[in-house]
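Report on the structure given below.
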């Protein structure tokens, strides 16, 4: 493991912001920490960077304990949430900063600055003032600055947080491709699941300073560890249920579960695609409360008579109108029994 | 941290202790009861009362008159702005004695107003108050305007868009951001007027006397050192209390401000209202600052044309051992050395004070640093004279003594100017530098220093100006054959006769010009460098 955290704990006035976190990042791996604001993800990065001392636990880089190693000697890079470009230096001066700190010669510096600005898609921008850059350009400069000293671990704090959607979607693909090409080891944090899933080899979901789940994007998406993770990923149909012999008893009635699902009192997740609409006199009887056009499908909110609301995904043409009465059946392949 | 502490221990605490001991100790035993005895005297109480209320009124008056000026200089771009800015700063660096005399020439017996309309103010407190405003106008314009020009105007615009009126936006957005600077400026003005010496000495006559004048009188006229020591201690305590209060208010309001390039925030005045404001500020400067200076220059020529100036280069063998003109060279040398010392000590202290892990003790030092400003310059000079003239530290024969005393007075300016800017630097920029491999010292040099360079230059300018004009302490320790300009002026003024008076006016004019030139150079430096910020 290039980076390993053992029982890393940080307290702010008695409250544990990081609570006994164990985490490992292997070389060339891209790990994305996903969590709502206040879950401790930024503190995690600051602790690894050496900007925030641990109250207990251990951080190792390349097997070496980092306790007492100041930030500037850790050899890790950090791209700040709001970039923190040095306003008094131009683009080239910002990118060259880390190289200068490491005693690179002038020619090395300018060579590397040219190379990196080319890499992030801003060739020839070295002489520009940072104040004159757009948000996306600042982002790229911040990335080039963090990459310049070739850190063994690159950390990104909400790397695409302030950018508009289309730029974000384009940049996340570019980033993943770039990191893959350079073989960079990356630890990123974000609150945006789409960003995390698109960027990461492995996703770590955090809640209240603890790790709630860790796995590949597919694993996390398919089998969220618990109700919190499922809800955080945007799933609405999460209920308590009792599973007996391949059938779950839920507030919505009985629902089939996949083979081999654990038995007993469980949390059940029904993905919207697993909520099939049928004529009103079949299955669970619901009223359509709302419908939202989502581009590829229509999200339909259904209100059963005396059960929690359900979200269903419908094909564009088949979507019912608000106020319609429909019936609901469940599809076992889109149901997951959690934890 | 250690360097500034040591500096203040040796050159401030030690001399002050020496003079207090000299005053309170008789025959080897302490006489603390003397404090009560002195306080019981009704004339001492009167002095205390007058000192306090004239300082309060002077401060209020200065803020009232100078705050519009700070706004105009910060936000308006107009022809002659640089020159005008330097002009308002000149009075601040003039020796108090000269200002007193200039106002005497303006509002006193046989003065300009007397000649024109028969108006005389020299028997009223108004002469003192006006002279105080004259002096401290620049303090407010520089301290408040300096920060004001770097505040992002878009913050106010954001408030306007949220439905705030122009005034409400100013009150809720700009004023809170300015408050620490206004408080700092008000504190400085209060301190200067509380410890006012030369002005009150000349314009106050027998009717009005401040603590400082009283200490001087007790020391040099009555030779009652113990009474002087007690008065010094009273002043010490009062000033310490004010400073502590100030440090507390400033700390409570500390916020990281978004500072922007000052050159981008100023623009041409628009509309009749703004032009009227600009006009009234220019008129104020003309009447309040230029007029007394003009009278001063006019008196330096007198009936003799350039005669007074010509005699300055002659060795008269009486008042001076050398030609009076040599005082110009002395003053410049001393001021350069004092500025270097003050900037070094002051920046070290300011950096130590802004460290996030700075403890209570260090922050208490903040208030302590201001003490030399509040303690009478006379005490500092006299303390230097009696404390540093014998082993273990004998500097009496050394030229460095004068710059040291002047630096002592200059350091608080450096700290005060640099602290607000240093505190406004975003910590995360320093963190960004650290993560890129910069050690804490390197991060400071690379991140903070470029941002505070402007403040550093302003601080150096202030320290230089204060050193040039310093009088109270220098008069005690400047060697007779190497007087500084203010000391030379005072000596000439102390002698009767039209020639001495005219020569004093001529030397004052030279000092004024030296200061104006120095400040103009500084202003140039500021504008040339703005591209870097």
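The backbone N, Cα and C atoms fix where each Cβ goes, glycine too.
Curation plays no part in TrEMBL annotations; they are all automatic predictions.
Among the features that TrEMBL reports, domain 'ABC transmembrane type-1' is placed at B:48-244 (among others).
Beyond its flanks by at least six residues, the transmembrane segment (B:53-74) meets 81, 84-85, 88, 125, 128-129, 132-133, 136-137, 139-141, 144-146, 148-149, 182, 185-186, 189-190, 193-194, 196, 208, 210, 262, 265-266, 277-278, 280-281, 284-285, 288 of its own chain at Cβ-Cβ distances under 8 Å. Positions annotated as transmembrane segment by TrEMBL: B:53-74 (among others).
Per TrEMBL, transmembrane segment is recorded for B:86-106 (among others).
Residues or ranges marked as transmembrane segment in TrEMBL: B:126-148 (among others).
Look at TrEMBL and you will find B:169-202 (among others) tagged as transmembrane segment.
What TrEMBL records for B:222-248 (among others) is transmembrane segment.
Look at TrEMBL and you will find B:275-297 (among others) tagged as transmembrane segment.
Marked as domain 'ABC transmembrane type-1' by TrEMBL: B:328-522 (among others).
Annotation source TrEMBL lists transmembrane segment at B:334-353 (among others). Within the chain carrying the transmembrane segment (B:334-353), a Cβ under 8 angstroms from the stretch's Cβ atoms is held by residues 1, 3-4, 7, 362-363, 365-366, 369, 399-400, 402-404, 406-407, 410-415, 418-419, 422, 444, 448, 456, 459-460, 463-464, 467-468, 470, 474, 484, all 6 or more beyond its ends.
The annotation transmembrane segment is assigned in TrEMBL to B:365-388 (among others).
What TrEMBL lists as transmembrane segment is B:400-419 (among others). The list of residues near the transmembrane segment (B:400-419) in space but at least 6 beyond its ends in sequence, with Cβ under 8 angstroms from a Cβ of it, reads 4, 8, 11-12, 143, 146, 184, 188, 334-335, 337-339, 341-343, 345-347, 349-350, 353-354, 366, 369-370, 372-373, 377, 380-381, 384, 388, 452, 455-456, 458-460, 462-464, 466-467, 470, 473-474, 477-478, 484.
Taken from TrEMBL, the feature transmembrane segment applies to B:455-478 (among others).
Feature annotation from TrEMBL assigns transmembrane segment to B:498-522 (among others).
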Would the transmembrane segment (B:275-297) count as touching the transmembrane segment (B:169-202), if touching means at least three Cβ pairs under 8 Å and pairs must be 6 or more apart in sequence? no
In the same chain, which residue numbers or ranges, 6 or more beyond the ends of the transmembrane segment (B:455-478), come under 8 angstroms Cβ to Cβ? 89, 92-97, 142, 146, 197-198, 212, 330-332, 334-336, 338-339, 342-343, 346-347, 376-378, 380-382, 384-385, 401-403, 405-411, 413-414, 417-418, 420-422, 449, 484-487, 490, 511, 514-515, 518-519, 522, 525-526, 529
